[in-house]
Amino acid sequence: MSAPSGIKVPTSLTSAFSTALNGAGDVRALVFTIEGESFKHLTTVQPKSTYKDDIALLSDTLPSTKTPASFAYRLDTKDGGRYEWMMITFVPDDAGVRAKMLQASSRAGLMKSLGANNFKHDWFATSIKDLTPSSLTAHLTHLASPPPLSASEAALAEVREAEAAEAKRAALDPETEARRRKVVVGLGGKLAWDQGVQDALEKVAKRSDAGWVVVLEIPSSSPSSITLVKSESATPSEVSSKIPNKSPSFIFYSYPTPPSPKPIKAPTPAVNKMAEQRNTFQATQGGVRTVPVSSVPLVQEGEDAKPTEGEATQEEESKQPEDVSVEEETPQAEEPSVDENEKGKVVFVYCCPSSSPVKFRMIYSTNVRGIQQDAMDKAGVEIAGKIETSDPTDLTDSQLKSSIPSSNSISKPTHSSSLPTPTTTSSQSFGAPASNAPFGAPIGGAFGRPRPVNVPARSASTIPLPASGPATPVETEGQGEGDSKESIRRAFDAFGPRVNSPGGGGGGFARPRPAGRR
């Protein structure tokens, strides 16, 4: 590995430090110097006394007092079963400039190769007099001494120390821990319900005609439980008189809600059979027309054509105009049904008067969310609105009503599937059937439009056929061959003169192209 200065750390050097790091303490220091383009393990110092006294042995290992060097120095203290080490960088003031720069710039690379986490302290020495026990003791004392503080900073530090000591003592005191658990046991929805709370909340969860109010309190003698104060019928204007004025409380109020009526069945339209059967289109000219084929045998010449029974019935029906009638059932007014299990619109109110003790405010505020969650999970209460107030007189009928969101106030996203259906207008698009006609009932008579419903159906025998005649026209008297050719000539001349024909003959019939174009 190379340092920023280009001085390399050989593998033998890192291996020697790893052996001393994991050893039994028979190495006091490792001496490293720079020779050429890399570090060199110069020598190893054996311990003879304490680490404070053995610092004086380092100066004897250097070739001269002007030689820069680095010392991996072992201390006598341990951390995690291993000895702690300190890196000492010795750069004398009277050394050469190049030697100083190389030693200073290569120090970071050396520590990175040996592992910076293996060294607890890092010390710079600039003179041979710094490598003495007194200098090392002064340096370690300086590191262990507290930072200089002003009078206010010192007082604040004393307060923090006293608070830490008191917290440690309270944590070890079983009585204090028991009192703390008793106070905060209600956090997170763990309040114990006293007798009557379950029934009262199940009652307020149901729909009420005149309104129902339930008032709950946390007793001061048992902060981990909740008791029932009252559960009775009350109109919206009477709710404020049911709430305590001097102590906090939780209120569940079922707002008066009328019973929901039974759903009315939609009328079933009765579509004429003719409209269902003739799901076809007919145009005055062109288009497609589906006509039922009659199975009646052909009438021979000389026989009287008599309509069959089916044709007679069909002709009679065709004479009568067909009307599409929709039979609507008149919905009868039904009385609203009363469902005993129907849920009501419950408003949760947290009332904490300003004159209540601070302790009660903290206990109630930490249990607001827990009591709501318990009421929904255990009693099935569906909370429609929430109110927090410090004065019970603020709970008026208008405020209670405004806290309940109306069904019309719920906004839905507007997209293509939720756009309103366009109403029928007088102008319709080409070929589009009328919106008020049932599906399959064609109307209109122009090309591309459906056929009107009231047009009677005709069988194959009633459809008029074109007059029979010869397929090839017969020449009449007085019309000769020349007249026939002349008529053909006039028909060809109507398309323009012949092209590429000097005398008018030859070529095909077409209009000449403009000049200059091929």
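Glycine too: its Cβ is placed from the backbone N, Cα and C atoms.
Note that TrEMBL annotation is computational and uncurated.
Now, the feature entries from TrEMBL:
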COMPBIAS  324-339  compositional bias 'Acidic residues'
COMPBIAS  390-400  compositional bias 'Polar residues'
COMPBIAS  401-429  compositional bias 'Low complexity'
COMPBIAS  482-492  compositional bias 'Basic and acidic residues'
DOMAIN    6-141  domain 'ADF-H'
REGION    282-340  region 'Disordered'
REGION    389-518  region 'Disordered'
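Across the compositional bias 'Polar residues' (390-400), DSSP classifies residues as 7 helix, 0 strand, 4 coil. Across the compositional bias 'Basic and acidic residues' (482-492), DSSP assigns 11 helix, 0 strand, 0 coil. With DSSP classes pooled into helix, strand and coil, the tally for the domain 'ADF-H' (6-141) is 51 helix, 43 strand, 42 coil.
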